[in-house]
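Here the structure is laid out as structure tokens; the discussion comes afterwards.
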Amino acid sequence: MQRILAADTAGHAGLKAHEYAGFALAGATPVAIFSSKDSLLQKTADFVFSLAIPIHSHICMNAVVSDYIPRAARGAARVGVLGMSVVTYLGIMKMNLSGPGVTETVKGLWRRPQK
């Protein structure tokens, strides 16, 4: 559990998870942008995002906790970061499973509203 709470100091496994999450985000983003609506490629990219975004942000936010939070408050801050990461994962999965998905939600920000 300590390796999850202090993900930025989890050693080689934590660094590799962060690296692979970054690679997944870099690979899935152009696929999501250029794939057609509701295609298998777009759905795959959405599920890659549902894993990579929370992992990447969890490790990065733990690094922020290590750098800026006093040692006495780090435990509580790390529990908060873990909670945020779990809620992020669940929210993205809900959007993917019962909504339009991450890609269509973001693309919708640039579409004109239908009258």
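Cβ coordinates come from backbone N, Cα and C, glycine included.
Per TrEMBL, the features are as follows:
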| type | residues | note |
| --- | --- | --- |
| BINDING | H56 | heme b binding site |
| BINDING | Y68 | ubiquinone binding site |
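For the binding-site residues H56, Y68, the ranking by surrounding Cβ atoms (within 10 Å, all protein chains) places H56 first. The CA atom of the residue listed as 'heme b binding site' is located 19 Å away from the CA atom of Y68 (ubiquinone binding site).
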